[in-house]
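Everything below concerns the one structure shown next.
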Amino acid sequence: MAQYSQTLRSSGFTSTVGLTDIEGAKTVARRIFENYDKGRKGRIENTDCVPMITEAYKSFNSFFAPSSDDIKAYHRVLDRNGDGIVTYQDIEELCIRYLTGTTVQRTIVTEEKVKKSSKPKYNPEVEAKLDVARRLFKRYDKDGSGQLQDDEIAGLLKDTYAEMGMSNFTPTKEDVKIWLQMADTNSDGSVSLEEYEDLIIKSLQKAGIRVEKQSLVF
């Protein structure tokens, strides 16, 4: 967390007492997010954390080359709600917490509880299929960003078909493109675990399988 405080200082924010009001903290958050959200993706990925860390150390005339473990750990610190994605809201919460002493954690926890409670309850057979999907997703989410890019999807597709007994299937670039278009519901150019799970559920439903509450019905 000390590294993050250094990042705040290196972003250009100054204060004689080291504190500001909530609006001031939001201004700092916006400045940090816009500076490090390379490509305007709407999120900060592991690769974006590298300059955040190195520039923080540089502001103290120190050189530091973060390892992959350092980068992943830093990303987890920024990811306040633990969904695998660092958004502007995550950065804003950190800025408010450490620049004003005000915490918004309770609100975020409440929102997470609402999100979890509204998630459909699937029967055990479907949950077993989703567990396999989650395991495959984690295997190919090589940078731990919680998102799959083009170069990570081909392997996921191959293993998904293998789980269905089609071990000889090798996806083409066109297959990957079509699958990405189907799965990427928010059109951000990548596929999240939630989007992948939704696609699995829709595929089961199209196959005539009842996915909620009752046992599988073919």
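Positions of Cβ are set from backbone N, Cα and C atoms, glycine also.
Annotated domain 'EF-hand 1' per Swiss-Prot: 24-59, in sequence order, evidence recorded as sequence analysis. What Swiss-Prot records for D37, R43, D48 is Ca(2+) 1 binding site. The domain 'EF-hand 2' annotation in Swiss-Prot covers 66-101 and is backed by sequence analysis. Taken from Swiss-Prot, the feature Ca(2+) 2 binding site applies to D79, N81, D83, D90. The domain 'EF-hand 3' annotation in Swiss-Prot covers 128-163. The feature domain 'EF-hand 4' is assigned by Swiss-Prot to 171-206. Under the heading Ca(2+) 4 binding site, Swiss-Prot lists D184, N186, D188, S190, E195.
Annotated features taken from Swiss-Prot, shown on the structure.
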residue: D37; record: Ca(2+) 1 binding site; DSSP class: coil
residue: R43; record: Ca(2+) 1 binding site; DSSP class: coil
residue: D48; record: Ca(2+) 1 binding site; DSSP class: helix
residue: N81; record: Ca(2+) 2 binding site; DSSP class: coil
residue: D90; record: Ca(2+) 2 binding site; DSSP class: helix
residue: D184; record: Ca(2+) 4 binding site; DSSP class: coil
residue: S190; record: Ca(2+) 4 binding site; DSSP class: coil
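Helix, strand and coil counts from DSSP across the domain 'EF-hand 3' (128-163) read 27 helix, 2 strand, 7 coil.
Mean predicted confidence for the domain 'EF-hand 1' (24-59): the pLDDT average there is 89.
Compute the center of the Cβ atoms of D184, N186, D188, S190, E195, which mark the site for Ca(2+) 4; besides them, the chain residues with Cβ within 8 Å of that center are Q147, A183, T185, S187, G189, V191, S192. Around the Cβ of D90 (Ca(2+) 2 binding site), a 10 Å sphere holds 22 further Cβ atoms from the protein chains shown. Note: the Ca(2+) 1 site is recorded as D37, R43, D48; in the same chain, F33, Y36, K38, G39, K41, G42, I44, E45, V86 also have Cβ atoms within 8 Å of that site's Cβ centroid.
Taking the centre of the Cβ atoms of D79, N81, D83, D90 as the Ca(2+) 2 site, the nearby residues of that chain (Cβ within 8 Å, site residues left out) are L78, R80, G82, G84, I85, V86, T87, Q89. Per Cα geometry, R43 is the residue among the binding-site residues R43, D79, D90 nearest to E195 (Ca(2+) 4 binding site). Considering only the binding-site residues D48, D184, N186, S190, D90 (Ca(2+) 2 binding site) has D48 as its nearest partner by CA-CA distance. Between the binding-site residues N81, N186, N81 has the most other Cβ atoms inside 10 Å of its own Cβ, all protein chains included. A count of other CB atoms within 10 A of each Cβ picks out D48 as the most crowded of the binding-site residues D48, D83, D188.
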